[in-house]
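Structure first, commentary second.
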Amino acid sequence: MGVVTKKILILGSTGSIGTQALDVIADNSDKFEVVGIAAGGSQPDLVISQAQQLGLAADKVAVADAQAAAVVSKALGGEIISGTDAAKILVETTKADTVLNALVGSLGLAATLATLESGAHLALANKESLVAGGEFVTSKAKLGQIIPVDSEHSAMAQCLRSGTRDEVARIVLTASGGPFRGWTREKMWEVTPEQAAAHPTWAMGQMNTLNSATLINKGLELIEATLLFETDADLIDVTVHPQSIIHSMITFTDGATIAQASPPSMKLPIALALDWPHRVPKAQPALDFTAAHTWTFEPVDDAAFPAVQLARHVAKQKGTYPAVYNAANEEAAEAFLRGRIKFPQIVDVVDEVLQGASQFAGVASHVDDILATESEARARANALINRLATNL
């Protein structure tokens, strides 16, 4: 019997995760076949190139931005899917074994829900959709349907195979510390968007790089871990590991700790998610243990980087509180990039919006509840940003 290729749908094909996924698939064409791509539209020429190289029909290409979609449609000689729901529609109209959701931000929520509804495996790089959707999203998933792409959660999933659920004592989530590790809060008032865009060990998109600089990204990952692995936030430790070699660890009840180690590259977790639970040979180079290595670990400076402790509180609140955390951050991060607020004020905005969240956040029984909570959080965040901006 011949090898059966998996049909893969890639959402966010022009981003860092999407382009690396296409590289993995190109190197393993006997295992995978791309049946559709979706993108926001900031790089229409790249979408055109990808579609042509993959031999995709126009109706298997989705672009959210209308102007970019028109450019892509003309180049491909047919009408592509366009609009804010383009990725969701592509999922609903394309038969796939696995959907890689690498869209940026909570805009990926609709596509995540559509994937779960379709029955396809969800290779989830868009952590924001899980954080925003919370238990509403996980309640829609079949056992094992969501496969994490984040290197940390991929590492957790791999380490968890070393024991049973009741043998897990603690989860250890590692963080690089970002470009401002060791800085005081006072020093960070002078941080520029250009400085925040320079990550010491990972190559990521603009928003993920900024979220890593504030450690909001680690907060999102803590919340994500509670949802993916159905564990309490207090059982998750966060440690700063600047070398980004150990991606996460699991400590078991007998005192053993299992760690997943590999060079900082997303190709391994991407490949593993696409073919889970099987490993893809030579997904990336392995560590050379005959060479000298120094790995260090240190606690998070919560005074300088309060985002992690804030996320721990949010994870305990459950319901739509994580959606508030994410939505307020998206607005504050964008305001910082536009020069409207200072770097430390990003998390300050998130914190203040959360303090009033009891007035509008709660349990979500429908996706509209999540969207309404997000909308209110964004409105409150922007009102606060407007006040802060006038004082700069």
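Glycine too: its Cβ is placed from the backbone N, Cα and C atoms.
Quantities reported herein were computed from a predicted structural model and do not represent experimental measurements.
Within the same chain, residues at least 6 positions away in sequence whose Cβ sits under 8 Å from that of ASN126 (NADPH binding site) are LEU11, GLY12, ASN101, ALA102, LEU103, VAL104, GLY105, GLY108, ALA111, THR112. Annotation comment: Swiss-Prot describes THR14, GLY15, SER16, ILE17, GLY40, GLN43, ASN126, GLU128, GLY205 as NADPH binding site, evidence class sequence analysis.
Neighbour density for GLU221 (1-deoxy-D-xylulose 5-phosphate binding site): within 10 A of its CB lie 28 other CB atoms from the protein chains shown. Annotated 1-deoxy-D-xylulose 5-phosphate binding site per Swiss-Prot: LYS127, SER151, GLU152, SER176, HIS199, SER212, ASN217, LYS218, GLU221, in sequence order, evidence recorded as sequence analysis.
Annotation comment: Swiss-Prot describes ASP150, GLU152, GLU221 as Mn(2+) binding site.
In this structure, the C-alpha atom of THR14 (NADPH binding site) lies 17 angstrom from that of ASP150 (Mn(2+) binding site). The number of other CB atoms found within 10 A of the CB of SER16 (NADPH binding site), across every protein chain shown, is 19. The Mn(2+) site is defined by ASP150, GLU152, GLU221, and by the 8 Å test on Cβ atoms against their centroid, the other residues of the chain that qualify are LYS127, PRO148, SER151, HIS153, SER154, LEU173, ASN217, LYS218, LEU220, GLU224, ALA225, SER248. Taking the Cβ of ASP150 (Mn(2+) binding site) as reference, residues of its chain lying under 8 Å away and at least six apart in sequence are, in sequence order, LEU124, ALA125, LYS127, GLU221, GLU224, PRO269. In sequence order, ASN208, ASN211 are the residues of the chain that are 6 or more apart from ASN217 (1-deoxy-D-xylulose 5-phosphate binding site) and have a CB within less than 8 Å of its CB.
Long-range Cβ neighbours of GLU152 (1-deoxy-D-xylulose 5-phosphate binding site) (same chain, at least 6 residues apart, Cβ-Cβ under 8 Å): LEU173, THR174, GLU221, ALA225, HIS247, SER248.
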